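Asker: TrEMBL feature annotations, pasted as is:
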- B:26-43: transmembrane segment (TRANSMEM)
- B:55-76: transmembrane segment (TRANSMEM)
- B:81-100: transmembrane segment (TRANSMEM)
- B:120-142: transmembrane segment (TRANSMEM)
- B:149-167: transmembrane segment (TRANSMEM)
- B:212-230: transmembrane segment (TRANSMEM)
- B:261-284: transmembrane segment (TRANSMEM)
- B:290-323: transmembrane segment (TRANSMEM)
- B:343-363: transmembrane segment (TRANSMEM)
Amino acid sequence: MSTTPEAVAALPVTERPKLLEASRVTKRFGGLVAVNDVSFAVPQRSIVSIIGPNGAGKTTFFNMLTGLYTPSTGRVSFDGKETTQSRPDQITALGMARTFQNIRLFGTMSALENVLVGQHARMKSGIGGSIFRTPRTRKEEQLVREKGREMLSFVGIRGRFDDLAINLSYGDQRRVEIARALASDPKLLLLDEPTAGMNPQESENLTTFMRKLRDELNLAILLIEHDMKVVMGVSEYVTVLDHGEKIAEGDPVSVRNNPRVVEAYLGKQGLEEAGG
Amino acid sequence: MATTVKKKPLAALEDRFPKLGRGPQAVLITAIAIFAVIFPLLMDPISGTLADATQYLAYVVMGLGLNIVVGFAGLLDLGYVAFYAVGAYCSGWLMSSFYADANIHILVTGTAAQAPGVHVNFLLVLVIAAMLCAVAGVIIGLPTLRLRGDYIAIVTLAFGEIVHVFAVNGDGIHPFGVGYPLTKGRDGISPIDQIKLPGLSQFNSYLNLRPYYWTILAIAAIAIFISLRLRDSRLGRAWIAIREDEVAAASMGIPLVKTKLQAYAIGAALGGVSGAFLGPYLQIVNADSFAFSFSIFVIATIILGGLGSVWGVVLGSILLSYINYTLIPDQLNSVPHKIGLDFNLADVSIGIFGVLLLFVMLIRPEGLLPERRRKIELTEGIGAAETSFEVST
């Protein structure tokens with residue numbers, strides 16, 4: 001049963017159809033349990049966040065969703081398909097795209113070429129088509145270049161499409177990375193600490209941009225973020241991890257006032273002081 | 001607000017054609033190409049220079065093949081000689097009287113049509129060699145997929161040695177029971193049929209080397225064309241992405257296994273084609289040709305020329321072939337004797353080689369004609385990042 005994006009948006013976030021679901025996911029590295037028995041869902045057309053102190057297992061969890069890690073136990077499904085054992089490229093092809101905490105652009109490629117790589121899964125040309133440069137390959141190449149320029153303009157990179165990625169400013173690199181992710185036509189965009197290194201104004205702009213992505217492209221966005229102002233401002237639902245376990249979830253206000261969350265961030269003593 | 005960018009006519013043109021080079025570079029390449037075509041006419045048909053040049057061009061093809069694996073995809077392959085061997089044995093098996101009791105002739109005319117053994121048309125042998133080597137490339141590539149950098153080098157090196165050992169001892173291996181051996185080991189399979197191309201009379205490597213030269217020149221031109229086209233394609237971008245950052249590449253939807261195996265297969269196929277040419281050209285397929293040092297030679301040619309740089313590899317291959325096969329053994333060989341030392345320079349050619357590479361690494365690590373990206377990688381330290389992750393299969 002498919003519902004229109006508008007109808008989905010009208011529902012409360014917890015009642016929207018689930019796009020991504022992780023059930024009782026655990027990841028062990030030898031004796032270390034990085035993520036322990038976490039269940040989690042991203043509804044369609046929603047902005048949800050995962051927060052938690054450093055080392056809480058956020059990025060490990062992210063990596064299990066995107067296929068870089070295989071969960072030790074538990075299951076992940078995306079868009080109705082089981083993806084627990086899937087490879088990253090297969091998951092990208094299904095419609096999940098991501099950015100990285102420490103920007104991972106292809107430095108020797110231009111901004112445009114980076115965005116072309118992002119469209120890899122949506123392209124078809126193979127060895128033969130590339131060597132003989134068949135009309136189909138030419139057409140495809142032309143289309144992805146057009147779309148690449150469009151994506152770069154959409155994220156606010158103007159006219160510097162052929163600059164090498166390493167020569168772009170930090171903020172522009174973040175933008176190109178988002179454009180690269182968007183180029184794969186995702187249904188779900190995963191942003192790993194996108195405001196790291198940004199000033200308050202830039203963070204504010206990014207918040208606006210995320211809403212725009214949700215509202216104009218009907219994307220769901222999963223955010224890992226340290227900046228509480230961003231998290232509380234943009235998220236419709238927040239999940240808190242600490243020491244690999246889910247300690248709280250809910251709307252931003254209830255999470256912010258949850259004593260366990262405050263404790264995780266400030267420590268017991270901090271809690272007592274804050275409580276007076 | 002999605003804005004559609006109006007495309008400039010120049011950008012539209014660039015979408016369509018590979019960047020062969022601009023202005024002076026294109027002129028230079030054209031001039032060199034014309035010279036390369038008329039060069040044999042300036043020579044005696046059986047001159048040593050022409051023989052050398054033919055051999056060099058065969059090594060250019062191998063350099064271009066290995067460049068796809070090492071230069072484009074960043075997979076350090078130290079066993080490339082295996083594909084030279086497989087390609088050469090294709091011509092040994094399919095273009096000689098090796099299988100003396102067999103009487104199979106496929107699309108051959110002239111002397112080969114009357115001789116006993118298996119005799120297959122040269123063009124067909126090229127295709128078979130390319131396909132067999134592509135398969136061999138995938139087989140050798142498979143166990144390296146979970147490995148990185150130096151470890152890939154060790155595994156491929158071992159495979160190269162395995163193929164060499166099989167070639168050397170192949171005269172004692174009987175794959176079909178008591179029948180024919182696998183190879184003739186160090187005695188070599190000889191003679192090989194002279195090449196016969198449709199519309200042309202049969203080549204004769206004892207009387208006229210020009211047709212052989214033009215044949216390998218055409219093969220080299222095709223190898224250059226394939227390299228340039230692939231470099232500027234979806235696949236080429238995927239190779240560069242993998243070379244720079246596997247994690248990011250996989251996350252952007254690039255299937256690592258398939259994309260790497262495609263590099264191995266294409267690189268191997270070019271090595272096989274070159275080997276299948278050298279069989280009939282040298283008139284012998286001898287196991288001694290397939291030693292580990294040859295893998296080192298090929299990798300040295302592409303490092304000297306510039307990893308990933310198509311024209312650099314062409315230059316590097318020709319230059320290093322000249323030094324290794326002409327300058328040292330022919331021109332300078334007696335120099336030690338002249339200054340009162342008791343050895344031939346050719347005996348220490350590997351040492352000279354090493355010193356030369358050392359100097360290249362010190363003075364110009366990016367190679368003679370560096371590829372733009374590689375140069376940036378060297379100066380910015382890209383690709384050195386930690387990139388390990390689990391691959392679920």
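The backbone N, Cα and C atoms fix where each Cβ goes, glycine too.
Worth saying up front: this structure is predicted, and the values here are computed from it rather than measured.
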Asker: Based on Cβ pairs under 8 Å, which of the stretches B:26-43, B:149-167, B:212-230, B:343-363 lies most in contact with the transmembrane segment (B:261-284)?
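Answerer: Of the candidates B:26-43, B:149-167, B:212-230, B:343-363, B:212-230 scores highest.
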Asker: I'd like to know if the transmembrane segment (B:81-100) touches the transmembrane segment (B:212-230) in this structure, counting it as a touch only when three or more C-beta pairs sit under 8 Å and are separated by 6 or more positions.
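Answerer: Between the transmembrane segment (B:81-100) and the transmembrane segment (B:212-230), which are separate recorded stretches, there is no contact, as judged by 3 or more close Cβ pairs.
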Asker: Determine which recorded stretch among B:26-43, B:55-76, B:81-100, B:343-363 has the most C-beta pairs below 8 angstroms with the transmembrane segment (B:149-167).
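Answerer: Between the stretches B:26-43, B:55-76, B:81-100, B:343-363, B:81-100 has the largest tally.
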Asker: In terms of Cβ proximity under 8 Å, which residues at least six beyond the ends of the transmembrane segment (B:343-363) contact it?
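Answerer: Residues 293, 297, 300, 303-304, 323-324, 328-329, 332-337 contact the transmembrane segment (B:343-363) from elsewhere in the chain.
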Asker: What same-chain residues lie close to the transmembrane segment (B:55-76): Cβ under 8 Å, and 6 or more beyond its ends?
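Answerer: For the transmembrane segment (B:55-76), the nonlocal Cβ contacts are 83-84, 141, 144, 149-150, 152-153, 156, 213, 216-217, 219-220, 223-224, 226-227, 230-231, 236, 239-240, 242-244, 259-260, 263-264, 266-271, 273-274, 277-278, 281, 297-299, 301-302, 305, 307-310, 313-314, 316-318, 321-322, 325, 371, 374, 383.
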